[in-house]
Every structure is written in C-alpha cells, then in structure tokens.
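Here is the structure we will look at, set down as structure tokens.
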Amino acid sequence: MGFRWPWTILLLGQQVAAHRCGKSEKTDAGGHSCGGRVDWLVQHEDLSKDEAGFRVAKEFPVECWRCGLNISSASSKSCSLQESTSDTLQLQQLQMMNCGKVQKASVQFQDVLAAKSDTWASSDQVKVWRQKSSLAGELCRESTVLLDHEEFKSAALVAMYAWSEVIMDGSQCCELLRPPYCLQAQWSWATLAVAILLGGSFLALISSLIAALTAKAPRPAARAAPRSPRPARAVPKPEPLGRTAEEIYQELLRSWMKDHSLRGLYGAAHFAESAASLFAQLYKRFGFQADNVRNQFDHLLSLWRSHCAMLADLDLEVEDEEELEEAVVNEKTLLHEALNSMHAELLEGFRAWRHRLSEELQEPLSRSSVTLCQVRWAQVPLGDWLDSESSPKHLAASLAMKHLAEVVTYLLVWGEAGNLRFMPEVIYFLTELTLGADGEPYQVEGPTSCCFLSRMIRPSYKVIFDEWYQSLEFKQVSTEDRASGVGPEEREKLPTFHTGYEAFLPPDAANYDDWNEFFANVGLLRRGMARLFESEHPKRFAVFQEFNLSKMLSSQKTKTHREVHSFWGVFASTHRIWLLHTLLFFTGLCVVAEEPKDDAETLAGHGIAVRFSGLGLLAPLHALMLMVARIYTSGPALRSSIRGIGCMCAHLSRGLLWLSPLVTYLAVRFSQGIDIDQQIIRYLLIAHGLVSVWALISLLFFANRTSDVPYQVRPRRLCRLQVVRYFFWFVVLAAKFLIAVVLFRAVFELILDLQLEPLGRATSRDVLIAWYSTVWTRDLLIWIWLWFSSFFIFCADTQLWFTVGCSLLGVAAFLSQRGCRVCHFALEDAVHELPWRFQEKVLRYAPSAKQAFAKTWNLVIHHMTKEQKINVRDSGELSYDYVMSEEPEPPVLFNRENCLERASKHYCYMSDTREWPVNKELQWRFLALSRGLGLPMPRPYRVPYVPTLTAVIPHFEEPILLQPEDLYSEAPGEARDLGHLIDYLRIKYMDEFKNLAQNFSVPGGVRNWSRYSPPQWKATCIWASMRLQTLWRTVAGICKYHDALLLLHELQGTCSGLLWHPEDTSDVFRCLVSMQLYSYSSSVQREQVNEMLERFPPNLKIAYIDHEDTDECAILHPQQRRRYYSCLIDRSCKKAKNSTSAFRLPLYRIELPGYPILSDGKADNQNHALPFSRGTITQCVDANQGAYFEQMLLLPNALGEFRWKAKRIVGFPEHITSDLGSVGDFAAGSETAFCTLLQRSYAVLGARMHYGHPDLMNKQYMMQQGGISKGTRTLNLSEDIFAGLDFVLRADGREICHKEYFHLSKGRDLGFNSVLKFFSKLSSGSGEQLLTRQMCRLGQLMSLPEVLTLYYAHAGYYLTQFLLSWVMPTVLFTWSLVLASDCDAHFAAFEPSCGRRPAPELMGRMLASIYTYALLVLVLLATALPLFMEEWLERSFKIAAQRLLKQVFTLSFLMFVFQAKIIGFYVVNELRYGGAKYISTGRSLPTERRPFIRPVPNKVDEYEGLYLDYAIQAFYDGLTLLIASIMVSGLGGMEPVNPYRGGLSALWACIGLTIISWLYAPFVFNPHQFARRHILEDRRVLCHFFWKNWGAGWIRWYEEYQLKPRTGLSISMLDFNFLVFFLGVSVWFAVVNHKVSMMQVIFSSQAYMKEVAAVTLLPPIFTSWISCFLVSQITRVVSSIRRRCCHAQGESTWDVLRPLVPFFAFLVVALEVFEALAALEILRRMQRWKDFLAGLILKYLLLEVTIFLAEGLMRSRCAKGCCGRERGLQALYFWILTNRMFRDMLTSSVILSPLLLLSLLNSGFRSCCQTLDLHEFLIYRSTGHRARRRACFGDSDRDTISNTDESQTTSTDASTDEEAPMAPRMR
C-alpha cells in the first residue's frame, strides 16, 4: 500500500485557501503554497502524493512546518496537541517520547530482519518495515532541527506524525504525557467488540431486572378433575357425637380430682367442676373432637400447675437464708392467682391483637362478654379460694370465669388447628369468632363429629395445600401389611408441586408468613374481609363459614414479602452490611490515593477534601439500589397497603435526603470549575459533608420502615451491652481497615507502576478523546478488575476478623461470668470446691446438706457405673464411704491440690495426684460440673413447686436400638474384610467395654462375637446404642430428669397441696418423642418402641401420625383420600387385638385437617406433637443427643431462669461426644467451639438465636409466634433458627440468652461425606434464610452491631465461605491478567505504555507484601482459635495444644478448605437456582469405603461414587485452578526477573493447599481408599462409566445432575455471577484484543492479517461445530435408512448419534485445540510466548462462555419443545456432550492417576511394615483394623483369608489381647 503520512499534513493544509508559508529555496514550480507545490510534483515529475509531500516538507523553510502543522492540528479530529500541552518542557518531552519510540521501532525492525528464523514475514512486509524506518527517521531528524530553532510545537508535531502516521499508519497518536501516553486515533471494530462484550452483560442484568419487576407471577396449572363431583360447599354428614357431653364431663372431672397433683389445692373441686363442665359444653356446642378436648384439658391442668408452682415459689424468695425454713406458701388463692397469671401470659398476644382489631373496628371487643353460643357451664362459687384483694369476690369470680373461657377456647382451637398452628394470628382470629359466636354455630341438624375442624379449620388448610401442591399420591396398604411394617416405597410420596414450584416456591406464591401477616395487619384484614366485619359480632362465626377462602386469601391479596432468588433478594436483607463495607473500601482508597502532580481538574476533583467528599455519592447510589431491592421484594399486598399521603410524604422526604448529597456534590464541583472564592467552596464542602453524613447515617442506622414492623410491638429497649457491641465492631472493623490499607496501598502502587492511569485522575477531556481507544479500554478494564478483586477480598476477610474477635470476646465473657477474677479462676481447685458449691446452689433446701450431697454423689457414681463408664472397684473409690465413720468420708477426688500440682498437670505432662478416673468423658463430666457450679445460677425451684417441663424429641429415620446384625455379620462382604462396627466401638471405648464384658463368659474370649448368647447380645446392643447416635441414647438421657426429680424430692421436698407422687413425676416432666413414621415402622422397630416404653419411666410418650383411607374426598380435599390423625401412646396403652406387630392403641387420636407434612418434615413433625406437650417450659432435643444424671440435677436451677423474665429462650452448651477418627474430631471440634465460646459471644453481641438443641423456652410465648419452628417447604429448611428470628422480631421484651452451667451431650456426623452433606443442608437452608422476611426485617430493625453479628454468625458465615473459597482463584486470575498485559520483548516499542518495572516483579512485590505468613497465621487463628481457647478454658493448655496439633498433623486444613468450597457452592447455588431439601446424612461410624465410582445396584446406567459426589462442586474448579497456576508460571510469574519470588512461598502454599484440597480431600479421608483391590476396581468401573453402553451412564448423570437442576437460558445469563464472569472475560478479551490490534498494525502488509486477527479473538468452535453438524446429518440419513430397510421403527436419530459421544469427545476437543493453536500461530512464530498463552486462555474462556450459553439454551422451553435434541438442536447437544464428557475424562484421570501411584506406595509400605497403615492412621488416629488383621491373617487385599484353626481362636481372651479388633473367625 502507498504511504500517506506526510500528505496527511499537507493535504489538510490545502483546505485553507491561498495560504502562503514562504518561498521555496529550490524552485518556484507550483507557486508558493504547500498544496500547489505538491500538485505540481505529482503532475510533472511522476511522483506519488506521499513522495511529493515528503519532498515538499524538506524543501520549504522552517516556518512552513509550523504553519502546515498548525493548520493540520486545527482541522484534524484524531491526532493533535492538547490545549494543556503548551509548556516548552512538555513539548520537548513529547518530541523525545515520539522520536524515542520511532528509534526503538526501527531497531526492533532491524533485529527482526537480522534474525534468520523470522522468514515468515513476506517480502512486501519487509519492504514496508524498511521504508517506515527510513522515513520516520528522517522526520525525527527534521524534528530535532526544529528543536534547535526553538520551534518546540512544530518539533513535537513532526515527531508525533513520525510515529503515528509513518510507523503506526495513522492508527495511534502519542499525544499524552501520562499513561497511557498513546491512544487510538479513531474507533475500530476491536474497540466495538470490547464494548459489545462488556455492555451486553450489563444490558442482560438490566433486562433481567426489568423483566422481574414487570412480569406476572406464574400461576398453578389447572388441576385434574376430582374423581367424584365436588359440591359447591362440602358439608360434613350429620354424625352423632362419639361420646356425650356428660361422659366427657365425668371423665375430665375424675382426671383432675383423682389423678392430678392440683387436686390437693384449696378450692380445687370448684375449679375442677367449672373447667370440666366448660370443656364438655364446648365439645357439645362447637363439635370439637373428643380426644382434643381430653388432651387440652390435661394440657390446661399442666399449664395451671406450672403457674401455681411459679407463684408459690415467689413466697420462698427470702433475703436471709435463716428465714427460709419459716417461709410459708399461701395456697389458699393459689389456683385463682395462677389462672390469672396463665391468662396473662398465654393470651398476651391474643389480647394485643384483639385490642388493635377493636380500635380498627371501633368496637369494644375486649370488654364484650363471652357468649360462646350461649354455652352454660358451672361457675366457681364465691369463697376463700378467690383472690379478692384487688376487686370484690363476685367481680373476681366473674373475671376468673371469663379468663377461663378465653383460655379454654384458645386451647381447643389451637389443638384442632393442625398446620394452622404455624399462623398464630389466624388462631387468634378463629378464637375471637368462637368467643363471640351466638346462636346456632353450624347450619346442620344436631351436633356433629369434628364439625369445628371441617367448617372452620379445613377450608384454610385447603388454601394452603392448593397454593403449593397439585396432588398427593399414595399406595393402598392393608391392615395386615401395616401390622408387619411398611417399607419406604409404600409410604405416601411427597405431595406433587405445581409446575415450576419444584425447586422453590415462586416469589409470588403465598406462604404461612403471608397469611399470618394478613390476619396480623388488622387494617388489611378489615379491608380484605369487609363483608365479615360489616356483620354483627355474634353472627361473624356463621358468616365466615360462607366465605370462599381460596379467593379471599389469594397471594395477590396476602403476599407481603417476595422471596426472590437473586442478588436483589439478598441485598434487601443485607444492604447495610454492603454499604458499610463499600464506605470503608472507598475511604481506604481515598486514604491511599495521591494528589496528581498537575493542577488539572480530574474526575475525582482536586484536593483531599473534594476527594473525600465523593464518599457522599454512595448515599444516593445505595438508596437507588435499595429502592430497587425493596420494589423487587415487596409483595402486592404490602404495596397496596402503604399508599396514601403520609406514605408519599415519607418517601419524598427520604428521597430528598438521599439525593441531597448528589446536589451538594455537583455544587462543589461546579464551583471548582469556575473562578469562585475559596471560602464559598469551603462552606459548600461543609454543607455537603453534613448532608452526606446524615444520609449515610440514615441508611446505616435508621433503615427501617413502618412496614418492617408487622406486629406493632414495642421496640427493643437499649441495654447496657450496646456499648460493648459497638466497641466490639469498632475494634474488629478498625483492625480490618488498617490491614486493608496495606492492601490498598500495594494495589495503588501496582497501578502506578504498571502505568495505568487511575480513573479518578483522568479529566473529562481524557475520557472524551480516549473512550474509543483499545489501549484506554484495556487499561480501564484492568484498573476496574484490580479494584474489584481488592473489594472482593476486602469483603471476604471480615468473617476471619469476626471469628478472632468472637474468640477473644468469648474469653472475656467467660471471665466476666466469674467476676473477672482471673487469678482466682486460674488457681482455683474447682473439683475440691464441688461439694460445697453443690450444697449451696442445688441442695440449699436440704435439712442436712452434707448428708444429702453424699447420697447424691454416690447416686451419680452409681449411674456412671450402670453406664459402664467405670467399674465397681473404681466406683467405690469415687464414692463417699459410710462405713469408716459416722460422717461420710469424701473420696480422694475432692482432695485439694496446690498451685504447683495444678500447673504441672495443666501445662506439663505430669500425672494427676488424685484418684482421677481414666475415662476421658468422666474427666470432662467432673470438670464441667465443677466449673458450672462456679458460675452464677438462679435459685432452684423447691420440689414440688417446680414448673412442668416437656422435652420434645423429633424422630424421623434415626436408628432406635442397634441390632446384632448392625454390629456384626458373618456374611461375606466389605464388613467381613475391613472390620465390623463392634470392633471399632470396642477399640474406641476399650475400658468401657471391659466394664461391660467383665461378667461375660464367652467361648474363645469376649471378642468371639459369633459365640455370644442372646442376653449378651442384648446387653452389647444397648451398650453400643448408648455410644452412637440412636434414639435409645437420647431417651435414656432425657429420662434421667425423672430420677433427678425423685432424688431432689426425697432430699429437700416439702409438704404441699400441690401433691407429688413418690414414684411418678409425669405432672412435672414429660419426654415426648415425635415419631413421624411410627405407623410405617417395621415390627422390629415397634418392639423397640415398646421396649423403650417398658424400660423407661412413664414420663415417656410417643406421638405419631396415623391415617385411614376414606372416600369422603369432598369433605377432606379433592386430592386427598385419607384422614390423618395425630396420636399419642405410652406404656399404659394396650396393644391392639389380633396384631402381631406390638402396635399399641393410642391414648389420644386427634384428626388433622389434611396431610400434615407440607414442609421439609421436621417442623411439621414438631408441630403435630406440640399439643401433647405439657407445662410452660419446653426443651428442644435432637435425636442425636444424650444427657448426664449429674447435669439433670441442675434442672430446678435452669428453670429458675424464667422466674423473673418469662419471655426468654435460654440456650445451653453441648458436649460433643462423636470424635471418632480425624473427620469426627474435626466436626466435633467445630461444633464444640460453636456450642460454647461462639454462642457465648453471640449472646453478648445480641444475635444468638434458637438452634433447636438443648434450649429451654417458654412454650406459651412460642405458641404465640407459631411454634418452635417454621414450616414453609424449602424456605424454612433450617427450621429451628426461625423460632429465634421470630422471637426477636416480635420484640416486646423478649430475650435470648446463653448460660453455661447446664450441659447435654450431642453426637455429630463422623464420616467425610456425612459431614459435608450436613453442611450442604445448612448452606442451602442459609441461602433460603437470607431471602426471608425475618432476615429482611431484622436487617432493618436491629442496631448496626446486632445486624453485623446476625449476618456473620448465621447466614453470612456461609456466604463468606463462598467469598473465601474464591480468593485464591481471584488472585491467580489477577496475577495472570497483569502478566499477560505486560510488554513483550518483541516489538515492545509498539506498546503504548509499559510498566516501570517488569510485571512479574511488580506483581511479586504486591503479593509478597499482602499474602505473607502473617495472613496465613490470621487464617489459622480464625479456624483454630475458638476451639483452642475453649479447650484451654474448660480443660487445660496442655489438652488444647494436644488437640490442635493432632488436627494439624492429621490434615485438618484439607478438610476445612474443602468444606468451605462445598458450603460456598451450595449457598450460592441456592440463591441462584433454589432446590433446597432435607438431606439425610447418616450418623454411623466412617467404616465404609466410598468407591471412586460404582454402578448403583438394580439400576441400569446409573452410577454413584466420590467423583460424582463432588465433581460439580469442587473437582472441576480444582483442575481449573491447577491449570491457572501453571499458566501463571508460563506467563513468567516466577521468572528470575522477579526478585520477590522467595516472599511468595506463603501464597504458593495457600494455592497448593487449595488445589490439593479441591482435588483430593475426599479421597484422603475416605476409609481404605488405597486398598489395591478396590482402587483397581475403581479404574475398571470408571472406564465402564464412559464407555459401557456407549457412555449411557455418563450421559444420564450429566442430564440429571448438571443439565436439569438449573432453569433456562434467561436465568443462566441474567445473573450476578454471570456478570462477574463476563467482566473477567471482557478484561481478558481487551488485553488480547490490544495485542492483536498492535500486531495488525505491525504486519499491515502481511496477507490476510485482518482475517487472522479476527480469528484470534473468536472462540475455537467452528471446526468442531461443523464436524458435529456433519455427523448429525449423516446419522440422520443412516437412521432413515435403518427405519426403512431394517424396520427399526422405534429408533430415532438420537439413538444412532448418542453412541458416538465417547469417540467424538476426543475428536471435537482436538479440533478445538487445533483451531485455537492455528489462530495463534503468528504469535508463536514471533516468539511472543506471553501473548500466545494469553490467547490460549482467551480461547478457553470464550469456549466456556459458549458452552455455558449453549447449555442454557438446552434448558430453555424451546429445547424442551420444538427445538429439542431430537430436532433442531441435535447437533448442538451432541457438541455439548462431547465437550463435557472430555472434561470429565480429563478431570477423573488427573485425580485417579496419583491415587493409583499412592496405592502402590502404600502397598509397598505395608509389605515392609504389616502392622501399620499410614492412611488408616491418618483417618482413625490408630494403627488401623486392617493392618492389625494382616498381622494375624496376612494381606487383607487378598480375596481370601487363610483358614485358622479353632484351637488357635479359643485360647485368646479380652484380658490378654485388648488391641486386636476381633478374634479370628472360624469356619
């Protein structure tokens, strides 16, 4: 091509008419104008315009350069001098910069031409290079002449054009004296490609936002017609009541006066008669169920008794202990006072709701009399039993009867409600209707059975069921089959969701909270049920029955909060946290940012004050996002209720407040732009600062709205701990900020050294002239990515600082509980003080405290002996001795130790000087009791004045009692080869097994399991069940409350009218097991239940759900043909006749409104059992917990926590006992720290919630908030915590505290898979929790420190695990990005700007200054410090250090890194796609080897295994991280030019740890992973997985677990995660795009250079696509031929194409690799290796984006319909499968290959040392069962075991061979 660069100057000069620069020195031809001379030379001397222009430039005098170039500068739109570049020095620098680049380019041209290897450049290109070098050199020499003549501007212009026009063909102009120095002269397609790539992702996000805000909610599809015609209004058949009201009355009266402890109180007969008659008349009048009446009457008595006990206890409150014996309880009016107290507490919420409704309706509802359809019942006569101090007796009696009627009616309605109990305000509504009803309640003839249920409860239940579910399917089971047990396949299937509801309920689908808030908001209720409230009050009960509730309670009328699965749903709940982090982040940027050297007006402003004033812009930006999130999450009912002038004014005032910082900031910047007095600017800055601070304060501290307070309760009072909370977070955030400033400083220096101009330093003119330049776009995107990654890391590490802070705060709180007496705590002998403290705090009412304690302690030791914790001889040494002296002699255990002895025991490896038990659990129990008694605890209740307690134990499928076959089996299999469960237990609990088997007589020794007799097996099974996570262990522990209460009554009981049975404590304590599947249990399980009932005290009750088939679907539900019942059994229930399954007849059988399990299970299981609870206090206990007798003795003290503050949830710590093996110890350590130290800190910080374990709570207040858990499926997967969230949200004096003197035990998951399944369930539940209204409203209502604690202690912990897990990938991506953008040695002169130092050195300096070993120590502190500090406080420094070192040396860090990855994956996956569900983790010992991959038995083409478990979650990312680390090295990250390589060792250690953990952690902790026989089987099955049946197994797995779980293309694209990923791709595209654009200019004359450049930037998919399309068409033809010729009519084209997937996987990937390499060949031949690797990475990223979008398309409705894989998208789907199959082939090979090598090494090591297996030592922390067995039998990897003679086996005994896991088995 011709050269036009001089002509660019001269031709532009021709545009000025008749301009004369002076006379030519050589000729007059052509006149005296530049243009005329050029035209003459072209016409007469046959020169080209370029050659003529260059000659004219040399001929004319110096003035002509200036003249011509000035004209050119004035008219050119691309390359010109900036107005600011007028200084002489700047012009000289500009000339030197351009001519210096020309000189470097010429030298590099010569170097390339001199290199013989670079023969790939064409001859035309070589010629062009030489001409460019010559002509540009001449121009620079002329520029130097101009400098000598002091024509600085002309010299600069000549130099600029020498570079831009000659060298760069006019594509680049170097006119800036600051980075990036050179800009693209005009826009190009390359710049447009970057804009489209980046802008498209933002456009997708905006489109998703608009679509989500405007789209209508999908409604459920129409249900199939019912099997029978449904009448307009289902009316129950008139059935006579099962029992008469008189019979009910007599039975209830007998139950009070004959059996209950209240019968002895004064006036009991009168109150009993009144209550019994009231229940009977309500049963008769309203048709309540008889069993519900009987149950709630007993419930009422228990509540009544509890209030009697609490009121009586107040009389025992004396200041002087000497007055205690004289204290007398006034029992005369106790029943009346207790009734009033019960009414006040139980109906507090009802009375408040009724008061609000009364004000709304302007009706005196609270003062109206109780009509109850004119029910008449026996009134309490006047007498001394009435409290007449505040009012006359007749008024007191009348008020008492009213209170009684309200309480009884509420309890009966609540007992009938079923699933409606989750909505307390609905119960209030129904109670109010019932209380005010008059006349005939139902339009039926005569009383009917279950009329209240069918007419008042079931219609609302139908609305709930129809809102979520389509149908309910079940299998008919005969009575005989039920008697023998029902298998899982014969149970009811989970109800079928409406279409689109499977993963999660849509945002506009109503749930329990929406309906409840509809009734709680009395204004909304009045408008929604206008017809009802227009009726007279007595008629409303009947009018309500006529309503169409499906229409009235539709989601459009009741939906108040939308649970949106997107970034906006999370932001609405946590916006204050993100605002705080953003504010701190930009404050740090302003701190580290330096002022520009020039005085130009930049985008960030000039001066420190102006720079910091930009922080105020965060307020309007955040307010805009908050407004969008609010609109996004507000339901239609809420939007309609907040309209009005007041709301509009409030919105307007907030809007003005939030916009004011923007207005004042613009005023400041405008005043700086004009010449104005500095004093005015100063005043404007002050005003802007005040407005900004107030706007930010309003967003951070006053973010709540009126709609955030749905229950209109009194706000929480400020407590003295607020100062502590603010101080705590100030210290945490200050430490975080100071460390972050180091990061910001390092990043800022990196940006400056990379010559990336910060955006804040750019002027508006810079942006206008540079926005279309690829250089500026690249630098801008790199700048954005560097600060984005910094913000990412800044947000991620808050969790670490919070954990460290909580650890220190937990220690401080621990010492504060002990009066801050640090020295006393450190030196005290707590065990020695135990007797005295126990006597003072627990046995304070005993006549002889010392004798009482001696008896109590001996009973404690007796229980420990029965539990086989100690033997008989040791129990004698630990007990009090009554024989040697009259005064019982204390055991040696209580001897005092001096300070030296304690120090030697705690800090050195010195033995204990006392008779300390060997059993470590007993050691902990003694220390826990000793330490607990040293804590402040409330005064205990004196027996019998103890409130009634119910311990609720939900049970699903947990084992009840182990059977012999669970412990030992002689059947061939893995258990026979690898060891039995009983072997592991015997070795783990060696001393306890000795105590069990000391009286066993077994031929061959106690380890000869096959010779055990049935009684021995029975004892062994119970012993094993008490050490595993079984229901038997839980019930056995909780029932120790019974023994403790009996002992306390014996030692310090008093005579009272509140009677106490000497052997039965059922009135005081109930153990309620809610067995959801009892009716489906097997005969063995029912026998086990019966055995529990017979063995344990009568306090044990079993609640379960039963059913019976019916044809009355019109009355029940069109989709339900069963009646469901909530039943209760105990030991008094008789067994069913003609039943061989030991099935017991229920004590109560209460019909439910319908199928009760509408949630994920546990919440409904607890809800159905809650009516069977008794008393005011409820304790939540899981089925994996246990208890200790000595702790149960502290129950009266624990109940004392509710003495003065009833609105409480009192939490207690748990002792984690399941620490078998390394993984079990890791999980137990984490749970120990959480249950003790962390919860102690959370309580201080005001964010401890309910976790469903040993918490005590006042059941009366839990009933008023919907129970002890929440029950919306998916949304409330973590059901327990919502009890705490609702408890705090309702405020009004409620409090959640944590006490540590009372303990229960708890088992945790032991295996790697079970632990991670547990965390996956928690993560998914936490993801849903972030979207709920509870989190959203608490996020606005709580104070800022409490919000921060609530977030980071609960759901935020799981979300920050995602951030932490992606820190290393972010670092590697940023590292490689900076390295790839660095200047290459070849043609470096053509780079617009290069770093001041090489990029490897700069990145090494930054990373070495940030990722130091100090940061590694911080991470270790955050993970290990809580457990270490708690162990130190509870036990000793020595034990804490031992446990920490054990965890480190058994690779705990691998476990925790992998755990963080799994947690992060599931929580983000839940936020994006939903689908949370309950996961049964299994709680058995980790003894089974999980294969790498294996086929599922009895299923075709279905596989499972460790690889498939974690491929999606971790393995793919682990392989990507490995490749990224290799790429960093390939890009020169560790080259010798980097002097900081040595300082990166900590970073590489973290990267290597992450890679190893993500790829190999599941296999490291997999039992028996490296057994040679098994791992060879893994290799064989893996090959079958990909190749057997043409890859059908892999295809099925891919479709089920990768393609189906997510939704369509729109959800795949329009996602915040996708936006971040697209940002990374755009940054990388911009870097490579700049490199390619530069190469395109350098090789401008190379053939097809533009085409090659374009192909370089495209994804490598075209050859593979074409090949897949051709294969698809060929198979289509083949399939057509086969159908015609071979009569294969059922065969589709896909059936022919699918078998080719495994073969074409290699071919397709090979074509993609070939296409990528071919496109980058020019970079390889130029030896630009960095650019070559950067291009490969870009190709990979673009390929991944393409596959991701293609998968999204395959999930779309189009792919499922007309364009599916069987039709138009067949070739595309084939291409996707081949790529994804190759990814799995590569990933599995990378993982399995090292495992095979390690297996060989392990086998070699075992051959040298047969008694030691390193891998089993790592997992079990012992030498391993298989290694020990090899010592007896040889190599366990052999398929057979040598026969052993029976004589060799019978001679061994447990006493002589305790280390062997079992006796050798006999044939």
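In case you wondered, yes, glycine gets a Cβ from its N, Cα and C as well.
Heads up, TrEMBL stuff is auto-annotated, nobody curated it.
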Candidate ranges 81-100, 221-240, 961-980 [criterion: TrEMBL lists as region 'Disordered']: 221-240
Contact between the transmembrane segment (1543-1561) and the transmembrane segment (1448-1468) (at least 3 Cβ pairs under 8 Å, separation 6+): yes
Residue distribution over DSSP helix, strand and coil in the domain '1,3-beta-glucan synthase component FKS1-like' (401-482): 55 helix, 3 strand, 24 coil
Contact yes or no, the transmembrane segment (680-702) and the transmembrane segment (1652-1674), 3+ Cβ pairs under 8 Å, gap 6+: no
Same-chain residue ranges lying at least 6 outside the transmembrane segment (1448-1468) that approach it to Cβ under 8 Å: 1222-1223, 1225-1226, 1312, 1315-1316, 1319-1320, 1322-1324, 1326-1327, 1355, 1358-1359, 1361-1366, 1423, 1510, 1512-1514, 1517, 1553-1554, 1556-1558, 1560-1562, 1564-1565, 1617, 1818, 1821
Top Cβ-contact partner of the transmembrane segment (723-748) among 577-594, 614-633, 1652-1674 (pairs under 8 Å): 577-594
Average model confidence [pLDDT] within the domain '1,3-beta-glucan synthase component FKS1-like' (401-482): 85
